[in-house]
Amino acid sequence: FSSVFQYTRVWIPDPEEVWKSAEIIKDYKEGDTVLHLKLEDETTLEYSIGPKDNPLPFLRNPDILVGENDLTALSYLHEPAVLHNLKVRFVESNHIYTYCGIVLVAINPYEQLHIYGEEVITAYSGQNMGDMDPHIFAVAEEAYKQMGRDEKNQSIIVSGESGAGKTVSAKYAMRFFATVGGSANDTSVEEKVLASSPIMEAIGNAKTTRNDNSSRFGKYIQIGFDRRYHIIGANMRTYLLEKSRVVFQAEDERNYHIFYQLCASSSLPEFKDLSLSKCAEDFTYTSLGENIFIDGVNDAEDLVKTREALKMIESHQMSIFKIIASILHLGNVEIVSERDGESCHINRDDTYLNHFCRLLGIEQEQMEHWLSRRKLVTTSETYVKNMSHAQAVNARDALAKHIYAHLFDWIVEHINKALHTSTKQHSFIGVLDIYGFETFEINSFEQFCINYANEKLQQQFNSHVFKLEQEEYMKEQIPWTLIDFYDNQPCIDLIEAKLGILDLLDEECKVPKGTDQNWAQKLYSKHSNSGHFEKPRMSNRSFIVVHFADKVEYQCDGFLEKNRDTVYEEQINILKASQFQLVADLFHDGKDSGPPSATSKSSKINVRAAKPVPKGHNREHRKSVGTQFRNSLHLLMETLNATTPHYVRCIKPNDYKESFVFDSKRAVQQLRACGVLETIRISAAGYPSRWTYPDFFNRYRVLMTKKDMTIGDKKQVCKNLLETLIKDPDKFQFGKTKIFFRAGQVAYLEKLRADKFRFACIKIQKTVRGWLQRIRYRKIRKSAITLQRYGRGYLARRYAEMLRLTRAALICQKQYRMVQVRREYLRVRRAVITIQAFARGMFVRRLYQEFLLHHKAMIIQKTVRGWLVRKKYLHARNAAIVIQCFYRRVRAKRQLKQLKIEARSAEHFKNLNVGMENKIVQLQKKMDNQSKEYKTQNEQLIVTNTALGSEVTKLQKELETFRIRQTAGTQVTSLQEELEKLRVELQEAHAQKKQIEEEFSNEKQGLKQNTLLKKEKEEMNRRIQNPTQGEFQASESHVELDEERQRYQNLVKEYSRLEQRYENLQEDLSSMKFHPGHRRYPSNQSSLGSDSNYTSISMSEEMGIEKAAMDLSVFMKLQKRVRELEQERKRLQTNLEKVEELSKRKAYTRAKNYLPSFRLCSSNLLCLQRQELETENKKLKNDLNELRKAVADRASENNSSNELQEGYNLLLNQLKTANEELDVRKEEVLILKTQIVNSTRQSENINHIVSLKTSPPLTQDWGYLNEDGELGLAYQGLKQVARLLEAQLQTQSRQHKDELEALHTQIELLKDNLEKKQEMLDHFSTLSPEALVEFSVQQEITRLTNENLLMMMIVLQDLKELVEKLEKNEKKLKKQLRIYMKKVQELEVSQATRSRPELTRQVTVQRKEKDFEGMLEYYKEDEALLVKSLITDMKPNVVSATVPCLPAYILFMCIRHADYINDDQKVHSLLTTTINAIKKVLKRNNDDFEMTSFWLANTSRLLHCLKQYSGDEAFMTQNTAKQNEHCLKNFDLAEYRQVLSDLSIQIYQQLVRIAEGIMQPMIVSAMLESESIPSLAGVKTMGYRNRSSSLDCESGGPAGYTLQALVRQLGQFSNIMADHGLDPEISQQVVRQLFYSINAVTLNNLLLRKDVCSWSTGMQLRYNISQLEEWLRGKNLHQSGAVATLEPVIQAAQLLQVKKKTSQDAEAICSLCTALSLQQIVKILNLYTPLNEFEERVTVSFIRDIQNRLQDRAENNQLLVDTKYTFPVLFPYTPSVLSLETVHIPASLSLDFLTRV
């Protein structure tokens, strides 16, 4: 840099933090030796600059680039920028993954994160690597995608030092492959691949000072795939197992986990034979580290997982454990030294040696002998030499290491056998989990091999990165020069070349007395001139190798021994002679084959361990450990070079295993060692920053002029702009699709853009401030003018006030003086007026007195004269009246005699009757009007009854008087006798009446018993309701109902899958059975092609009697109960008819009754008693219904079968409907009775009143009565009344007897029902809650078992029947062929005779429309043609212009006719064939939304028709009278309704799946990426992952989907469903499910993409959601609940837009985001990225505040939304308003064979 300006931020070295940020406070010019800086703590610093020692510090990137998920997107690429970016992402945002070009950097969080679930795998599956946040799943998906796209093998190389998380990363990568590429069959290879991890961790992992679960070996796992990219197998290769750990562990370290797991589980019965101790400290090999425990690890539980995984190695589990236990016992074998020190021995009674030999099945004496001795072989003879104590201990330890190494290789080999497959492998993905670069205080042979392997891997990595950079430049046609990068080939040559370190080591091992010292001297003399080899100054037994990562000093001690890996042959021979086959096989010579040759192809790599077992008997040809490792490393490099590698570098953030703590020193060491910084350096050497032309145009168009903006070619505009802004042409290059920039140029452009924005902001601020000042000046000026105006006005008002006051004073004076004068005048005037008034009054009063006296005199005169005149008039009038009275009396007597004579004549009676008939006719005409006055007439009847009673009393008194006067008359005597008889009859009637009342009292006693039953019922209800009371709320009931419905629909989905599998098997069977020449015609297609899984009712009964499930038995019981209830309904109907008949008879009797008073009393009594009984009966029925409802609820809670519950509820509804109908009929009968009785009463009352009015008064003289013979008439009337009363009483007694019988019958039925319910309740009440649960579980298990058995039997039976049918058809066809060849003419005649008559066809065609009953007739042989025309070959557009769901109506009309003719076979065949044909059509069109929607509408409509015309009253409430006439008459198709309901659910699920599959690629692009609001979204710099698309596709590429495209697709779905006549409720559920999918996919991508978490994206997203809501309102779907499913993504958009600074903002976010979980809120806040420097990032303290506020929120820990969740679907009953007789069949359907009936 020639100059650095003030305020520029830089990085300076720091001994503690490695790099520290600072800001330049004074401009720097070239030649200055000091740079003036200000640190972040506000302290100043003078930083010295020199040309060699201290160059200019690194520049810091703009804040907008900090936190990028790809390090190559940084403008300044150097070590401090990389380290700072990783620290910000790890500590502040808790992001453990970051891209660095082609490398994924993974930092160990030391904490369990919920980012590896299946929903995360689903989210990353199928996505481009640059579109999602960095993740191990993204790397795995990229490898899986490139394997399928390029058809090339892939490798994932996971490296890092111990404790960095290599094993976990490799495990998650394999989990991704197992989930995405699951095996196509049921072999579960992916489960075996995952199961191998616990085994390898147990035998190959151990605790170190850096990691509690450190892998002490390297492994390369190849996962094989077939041509469809399903996992078919796997194999594993291991590298350099750390055998020395078996016999030695450093302080605070452990041996391999398996040893401690066996010790922790030694108390198990199966491990007693191992003779292990519970404490691992009792064994030498497990106690050297002095710490046998790991915090948070349970070794006993881990052994359970290990044993579960070891099941894949067949039956060798205990043998493996015996060998491992024997190693522990071998370590405790005590070797005793002799006195001479040159020899040693082992005690014969050593228990550990005994256990060792017993567990391995070898001879103890031989092993005891050869553990302390060895054999020396020369050319002439053999010697046996004693070993010293040290030599014997080394030999024992070598034997232990050898046994464990061979066991390790054997286990790996058998795991590979278990994972091996015979299927041909098409491609594979390898996962390499290998140790990273290591350097310790003491580095030995193991560290040398590890660092040697890392040198080879780094060389491969550098060449691959350079190759990719070169390909990128060539792809974009950019001129490039050779980039200088670090080549570590000299270091590799130092190690592996001829006479290199490994060659010299092998040569020294061959020398008989070779030592580590001699080998070191050879290294010094041979490689002292090498630039990568150094000799330490203070040591002659060590050497230094300059690796690519760092200098490492290796101690030479032990190199020769570890390279030889010496084990004595005599000990191996003893092990070979073991009586246990596994131990003998471990050391068999056949296992000692060398590694495969380096020339073998990588795709044909054999499955074997990397390090073969050494041979003990042939040292000349036995390869050393170093040579074996070098060969296996070469083989690995060949494999990696033949594949496309993907790199994962694991970083250990600190040495204290603290979560999310970043130690910069440790991190930068690992970054230097793993090659990340080398990647940065290679990238920075060329053109690291790359932009596509559209992105560059959108980002930097603010720097362009208006003239440039008018140019249509964006590419040319970008070129013009860059040539103007950047003068040096070497700083950028123009490619085909991208612009390439040197390091720092993007930062320069960002600075120009920021300056432009800053200048614009200043201009805006200037303008706004000027505008504000002008507004302020105008306000001040306006205020001054206002003040002046108000001041002047105040002064003017004061002057005016003074003038007003002066004038007011004058007026006051004037008025006051006037008042004084006026008062004096008024006083004088009043005095004069008073005097005048008194004088005038005196004169007037005197005149008034005179007038008053004259008036009184006139009144007295008037009164006296009037009295005299009236007295004279009254006297004259009285005299005239007396004369008139006497004269009139004489004439009246004469007239009376004449009238009596005429009354006895016949003509009088005739005239009298004529008048009566006229009156009766008039009264009958008035009956209808008088019925409205029922209440008033009742009161008149009561008055009449009272009058009649009084008249009877008077008659009795007159009769007594007449008896006294006529004691001698015979007629009186006979009358008395008749009266006595009447009295007797009345007494008998009273007795009968009392008897009836006693019967009524008995009935009341029965009713009391009913009340007791009611109390028992209430007690039972209380016992039913109490256990469940208060346990569940309404919302929980709704959730349980949804869960139950969801579970049922999942069963339907599983059933459809099994049915699909059955169809596939059936097709296979058909293909095997059919001959090539056989052909199926429509006549036999029905019988041959039927693959229905739904058998008829009779078949199900025949197959289900032996295997009857519980739900079937319960269903039969319910059917029996229905029959009983039907009988009870018939009995009640009979009783009702009897009651109606009795009421009619009673009405007739009452019409003939003469005196209504007696009838009214008895009738009222009977009516009241009957009403009381009916009221009690209704109460009992209501109680019974409540009891049934309670029992049904209890049954529904205890029974998990939804089908049984629905059947039981259906039966209860039918019973309830029948009872309600019976009650309605009874009420109608009672109303009719009441109307008849009232009309009869009114007519009788009127007649009686008329008769009373027309009859002579009874109060006349008895003499006249006696003279006329009226006493006899009265006697006859009383006699007739008595007879009528008797007949009425008898009729009422018969009626009450019938009613009593009916009531007794009903009471008995109610008692039986109550007893049954009581038994059920007692049974349930005796069970405990656990027993109830167990009982329900057993019932469910029994039901499912029976269903499965039944399904299997049905499938087998169908297959057998199909085979039999095929054989029969084959024989039949052969026979028909022979007959056809012989009798052609006879066959033609028979066909002509079997053809349908033409006359019938003509008659049916000529029928009138009015005779059409909504049925269609067809012949049985036309069924296949009907199904083919309506279903198989049906296209939705054919019937688009007709009635919606026309095929469903036609099919139902055919079913109606089959029901009409009572042909059950035809009904069963048609329904079964229809269902199977629909399934086949849907299977053939499994990705056609229109066809699936069409058949969903038709299937649901057919289901609704079966319900609407089933005859059930529950479905007939909305039917018309004509539709009720069209109900099915003979068959109950409830089972087929259930089958159609299940089929509808399957079609609905397929419809949703198709719609989601169509929308899936559109959602992310439309909701998150498309610019619905133009120019709102900003564009950020891209890293390697985003810019690598040029490697795969040319410029341009497919355009992304817009929101309009998504809305159009939704509108198309809605229109299709509406056109097909799909029920609106179902369409709303489909839309709701699709909107849930939109929400889930959008939110999941938002949570996994940092580039879309910005304010502008939130604005775009909210606008897009509002457009979707507008679409819902436009389609009238806003009530479907779809908006509620978008609530999480709505709140996420709002979260991106709200302020995120203060505690008030945090509180607002907590109250706003109720539909988001805490993890989702924190994730969005961490991902929130400002698009320019004017925005601010979300601080860590703000996120912690959010976490503290929401920590008590009860929620799941799931980060992503489950995209596979489906809402339970509900098909509401929607009856059709269309009448079947109006359905018209278009001619285009070719259904001429159907006949309208």
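The count begins at 1 with the first shown residue.
Each residue, glycine too, has its Cβ placed from N, Cα and C.
Since the structure is predicted, the reported quantities are computational estimates derived from the model, not experimental observations.
The feature domain 'Myosin N-terminal SH3-like' is assigned by TrEMBL to 5-57. Each residue in the domain 'Myosin N-terminal SH3-like' (5-57) has a pLDDT score, and their mean in this model is 83.
Annotation source TrEMBL lists domain 'Myosin motor' at 66-754.
As annotated by TrEMBL, ATP binding site applies to Gly160, Glu161, Ser162, Gly163, Ala164, Gly165, Lys166, Thr167. Around Gly165 (ATP binding site), taking its Cβ as the centre, 24 other Cβ atoms fall within 10 Å, counting all chains.
Beyond the ends of the region 'Actin-binding' (633-655), by six or more residues, the same chain brings 86, 90, 100, 102-110, 136, 139, 142-143, 146, 150, 152-166, 169, 173, 210, 220, 237, 239, 430, 432, 436, 452-453, 456, 460-461, 464, 595-596, 598, 600-603, 605, 610, 661-663, 666-667, 670-671, 674-676 to within a C-beta distance below 8 angstroms of the stretch. Here TrEMBL flags 633-655 as region 'Actin-binding'.
Annotated coiled coil per TrEMBL: 906-940 (among others), in sequence order.
The feature coiled coil is assigned by TrEMBL to 965-1006 (among others).
Per TrEMBL, region 'Disordered' is recorded for 1019-1041 (among others).
According to TrEMBL, the compositional bias 'Polar residues' annotation covers 1023-1036 (among others).
The region 'Disordered' annotation in TrEMBL covers 1073-1092 (among others).
The compositional bias 'Polar residues' annotation in TrEMBL covers 1082-1092 (among others).
Annotation comment: TrEMBL describes 1115-1228 (among others) as coiled coil.
For 1275-1320 (among others), the entry in TrEMBL reads coiled coil.
For 1349-1390 (among others), the entry in TrEMBL reads coiled coil.
Look at TrEMBL and you will find 1472-1752 tagged as domain 'Dilute'.
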For the ATP site built from Gly160, Glu161, Ser162, Gly163, Ala164, Gly165, Lys166, Thr167, further residues of that chain with CB within 8 A of the site's CB center: Asn108, Asn211, Ser214, Ser215, Gly436, Cys650, Lys652
Tell me, how many other CB atoms lie within 10 A of the CB of Thr167 (ATP binding site), whichever protein chain they belong to? 22
Under a criterion of Cβ-Cβ distance under 8 Å and sequence separation of at least 6, what residues of the same chain contact Ala164 (ATP binding site)? Ala106, Asn108, Asn211, Gly436, Cys650, Ile651, Lys652, Gln670
Sequence gap of 6 or more, Cβ distance under 8 Å: name the residues on the same chain that satisfy this around Gly163 (ATP binding site), in order along the sequence. Asn108, Thr208, Arg210, Asn211, Ser214, Lys652, Lys657
Among the binding-site residues Gly160, Glu161, Ser162, Lys166, whose Cβ has the fewest other Cβ atoms within 10 Å? Ser162
Using DSSP, what's the helix, strand and coil tally for the domain 'Myosin N-terminal SH3-like' (5-57)? 0 helix, 26 strand, 27 coil
Helix, strand and coil totals (DSSP H, G, I; E, B; other) for the region 'Actin-binding' (633-655): 9 helix, 8 strand, 6 coil
